[in-house]
Structures are given as structure tokens and as C-alpha cells.
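Enquirer: Per TrEMBL, the features are:
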DOMAIN    28-335  domain 'Aminoacyl-transfer RNA synthetases class-II family profile'
BINDING   84, 85, 86, 114, 128, 132, 270, 274, 275  L-histidine binding site
Ligand code: HAM
């Protein structure tokens with residue numbers, strides 16, 4: 001019987017991460033976390049597996065059912081790989097409610113799992129930054145997180161004409177449903193979904209879809225009018241709609257702070273159920289390559305109630321690494337892969353192995369990242385290897401240098417070599 005070879009491919013929708021991939025991810029993570037700390041946010045973490053019920057209560061149909069990686073454990077409990085962080089964060093805060101000082105500014109960078117159709121910007125295993133501010137009920141929470149976002153985009157050196165933060169408010173959607181469309185409860189989630197897909201559909205298909213859902217011509221006309229509202233249009237309903245009021249306040253403050261790259265987008269709803277007020281999504285607007293949001297977030301003032309705790313105002317967002325990497329690649333904003341190694345110690349012949357080992361130890365103990373050749377091959381090949389790996393410095397020591405207590409240091413950027421005393425090499429390489 002022919003032996004079947006195992007597949008070399010990772011599980012569908014997951015990625016093997018070679019050193020270059022890790023380097024690129026770490027570049028993004030470093031900026032996310034550096035700026036988060038700069039804003040006074042503390043890092044936290046939560047388990048990768050949770051009780052599936054955590055997502056069934058308020059994450060919405062898609063996350064809790066179709067996309068959930070769930071299984072029954074040996075004790076008969078229904079467990080899920082976490083598809084998002086927010087319910088775990090809310091659980092952790094509910095558990096320590098009386099011991100935690102408000103406001104809470106926390107961030108985390110972690111892995112998440114969703115059973116989705118793998119495609120551009122969508123993986124089954126992916127990384128997300130979560131940044132959340134809890135305990136602030138005014139829109140100053142939104143402002144702070146938006147300032148964080150803009151600082152991260154600056155750190156990425158993102159060109160201003162390539163991104164846009166789209167903002168809406170769930171209370172405004174409620175106003176549309178209650179006061180303008182006078183919608184039945186049953187139709188609401190379907191119309192909300194249609195609105196969220198507005199930009200992805202041709203206008204005729206959108207109208208046809210609304211008709212299919214049971215809306216009459218007047219209601220469709222009202223929705224199309226609503227979609228084109230500008231922030232100015234909200235003034236006439238400011239007294240009647242909490243959403244309109246909050247949006248006006250938010251855009252006024254953003255203007256005062258000269259924050260750009262923002263847009264009022266009445267069609268943004270977001271799929272997740274627990275959002276209560278402001279909802280945000282960031283898009284690439286400079287190319288047609290990346291149609292998925294870089295991040296999404298919003299206000300979720302009621303989430304702690306699922307744990308029997310009093311409400312706690314909260315605003316935050318989840319920023320995907322997959323979509324961010326695609327975005328940075330589109331605009332050539334990623335640094336090129338660089339080795340961490342500073343110096344490469346060659347081996348001229350086997351008898352020098354012990355001396356080269358102690359030289360490498362000396363360099364490492366002095367904080368110099370050192371890689372050492374372990375077999376005595378042709379020097380030409382060792383130099384070729386060092387060059388391909390992009391090491392900035394190479395050390396060459398033969399019997400002659402060894403007896404004189406010097407080493408030959410080669411600068412790989414220009415190929416120049418010079419002799420240097422062992423004591424001076426640390427200063428030279430630091
Ligand atoms: P979300 O919109 O489900 O929100 O996800 C946020 C971001 O995570 C998306 O915009 C996208 O960048 C990334 N993302 C989501 N699914 C995938 C996937 N299958 N593959 C790659 N990237 C993906 C939440 O998760 C909320 N919990 C965010 C939040 C935090 N709201 C308040 N605080």
C-alpha cells in the first residue's frame with residue numbers, strides 16, 4: 001500500500017508564521033502597544049477558551065453561532081475558542097468590580113478564532129488589538145480612543161489621504177427605526193444588516209433587497225435620504241434623538257481638536273449586538289484593494305449587566321492585524337525584514353572552536369547579539385551566508401590574530417576590514 005504523505009499546509013484559514021512574518025507582526029504590535037502605554041493604558045490578558053454561553057448572550061447571531069469554534073469538553077461543558085475579547089474583558093471587570101479603580105484603561109494583543117470563509121482580510125485564526133476605556137460616560141472616552149487611533153496611524157506613517165474613520169451612533173439608528181420607518185421589531189435586525197452592507201451593494205440591488213424584506217416605497221425613500229444625511233442634518237432632530245445629540249457633540253469636539261480623517265456615516269451599524277451608542281470603523285480609502293475594515297468598535301454601556309452587575313459605561317475597539325498588514329503592504333509602509341544578529345563569528349578551523357565559543361560568550365554577555373559558525377567550512381561560504389542573512393558585522397580570527405590578542409572586524413555594509421583589540425570591540429559594536 002502506498003504511504004500517504006501528510007499535508008504541509010496549515011489548517012484552513014490559519015497561517016504558519018516564518019521569521020519574516022513574525023517580524024512584520026511584531027512591528028505592528030510594537031506600535032500598538034507603545035502608543036497604548038503612551039496614553040496610560042495597561043496590558044491585560046484573558047483565557048483563549050471560554051464558556052460558549054459568554055458569546056451567546058450578547059455577541060449576536062454571527063459570532064455566537066455560525067462563526068464560533070465550540071466543542072464539548074470531557075466534563076460536558078460547551079466551550080469556545082474566543083472569537084473576540086470584549087465579553088472576557090467585561091467578565092473580568094465584573095468579577096473584580098469592587099476592587100478596580102475607575103476609569104479602567106486596558107489593552108491587549110492576542111489571538112482569536114472565527115469559523116469564517118478565509119478570504120482577503122479574513123482568517124480563521126487572527127490577531128487583534130483590543131483597547132478599551134471603561135468608567136467614562138461622556139464622549140470624551142470616544143475622543144481619547146480616536147486620538148489614540150490617529151497617533152497609531154501617524155506612527156505607521158500612513159498617508160492622510162488613505163484612511164477614514166467612519167462614525168455613527170446606535171441611538172440614531174433606533175430613531176430611524178422608531179420615528180421615521182416605524183419598523184416592526186422583527187424586521188429591525190434585517191434592515192440593520194442591509195444598512196451595514198449598503199456600500200457593498202449596487203444601489204438597485206440595495207433597493208430591491210429592501211423591497212424584498214417588505215419595506216414600502218416611502219420607507220425605501222426615507223432610508224436613502226437617511227443614508228445621505230450629513231452632520232448638519234442632525235441639528236433638526238437634536239432634541240429628539242440622543243444619537244443625533246451625541247454625534248453633534250462628538251464632531252464638534254473632534255473639530256476643536258483639529259482631528260481629521262473622520263466622517264459621519266449613517267449606514268454604519270456593526271454586527272455585534274452589545275453596542276449601545278457610538279459605533280466606529282476605519283477604512284482604507286486610498287485604494288480598492290482593501291474592502292474590509294481595519295478596525296471596528298463602539299460603546300457598550302450595558303454589557304456588565306449579563307453578569308448581574310450594574311451598568312458601566314465603556315468604549316473601545318478591536319483592531320485586526322490581518323487587515324492592517326494588508327493596508328501597510330498596499331502603501332509600502334512596512335520596514336524590510338532585518339536580522340536581530342549584530343555580529344557573526346566565523347570559524348577558520350576546528351581547533352579554534354573553543355576560543356570562538358568563549359569570544360561569542362564574551363560578546364553575548366556584553367549585550368551584543370552574536371551568531372557563531374559551528375563547522376569550519378570555506379571562509380568564502382561563511383561570508384556569503386553572513387551577507388545573505390544581512391548581519392552588519394563579521395568577526396574573523398585565525399591562529400595569527402589569536403596569538404596577538406586581536407580580531408579582524410569586517411563591516412558588511414562596505415566590505416572594509418580592520419584589526420581591533422578584543423577589549424575595544426564591545427564599544428565599537430554597541
Ligand atoms: P469586530 O468588528 O468583530 O469587533 O472585529 C474587529 C476587527 O477585528 C475587524 O475590523 C477586523 O480588523 C478584525 N477581524 C475580525 N474578524 C476577523 C477575521 N476573521 N480575520 C481577520 N481579522 C478579523 C470586535 O471584535 C469587538 N469585540 C471590538 C471591540 C472592542 N468593541 C469594543 N471593544
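In case you wondered, yes, glycine gets a Cβ from its N, Cα and C as well.
Predicted automatically and left uncurated, TrEMBL annotations should be read as such.
Quick caveat, the model's predicted, so the values are computed rather than measured.
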Enquirer: Please determine which of the binding-site residues listed here (84, 128) has the lowest count of neighbouring CB atoms within 10 Å.
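Expert: Fewest other Cβ atoms within 10 Å, among the binding-site residues 84, 128, is found for 84.
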Enquirer: DSSP three-state call for residue 86 (L-histidine binding site): helix, strand or coil?
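Expert: DSSP call for residue 86 (L-histidine binding site): helix.
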Enquirer: Using Cβ-Cβ distances, find the residues under 8 Å from residue 275 (L-histidine binding site) that belong to the same chain and are at least 6 apart in sequence, listing them in sequence order.
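Expert: Correct list: 170, 298, 299, 300.
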Enquirer: In sequence order, which residues at least six apart in the same chain have a CB under 8 Å from the CB of residue 270 (L-histidine binding site)?
Expert: 196, 279, 281, 296, 298
Enquirer: Which of the three DSSP states, helix, strand or coil, fits residue 128 (L-histidine binding site)?
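Expert: Strand, per DSSP.
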Enquirer: Where does residue 275 (L-histidine binding site) sit by DSSP, helix, strand or coil?
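Expert: In the DSSP reduction, residue 275 (L-histidine binding site) maps to coil.
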Enquirer: Please give me the CB contact count at 10 A for residue 86 (L-histidine binding site), counting all chains in the structure.
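Expert: There are 25 such Cβ atoms around residue 86 (L-histidine binding site).
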Enquirer: Compare all C-alpha positions of 84, 85, 86, 114, 128, 132, 270, 274, 275, the record's L-histidine binders, and send over the largest distance in angstrom.
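Expert: Greatest Cα-Cα span of the listed binding residues: 21 Å.
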Enquirer: Once the DSSP letters are reduced so that anything not helix or strand counts as coil, what is residue 270 (L-histidine binding site)?
Expert: coil
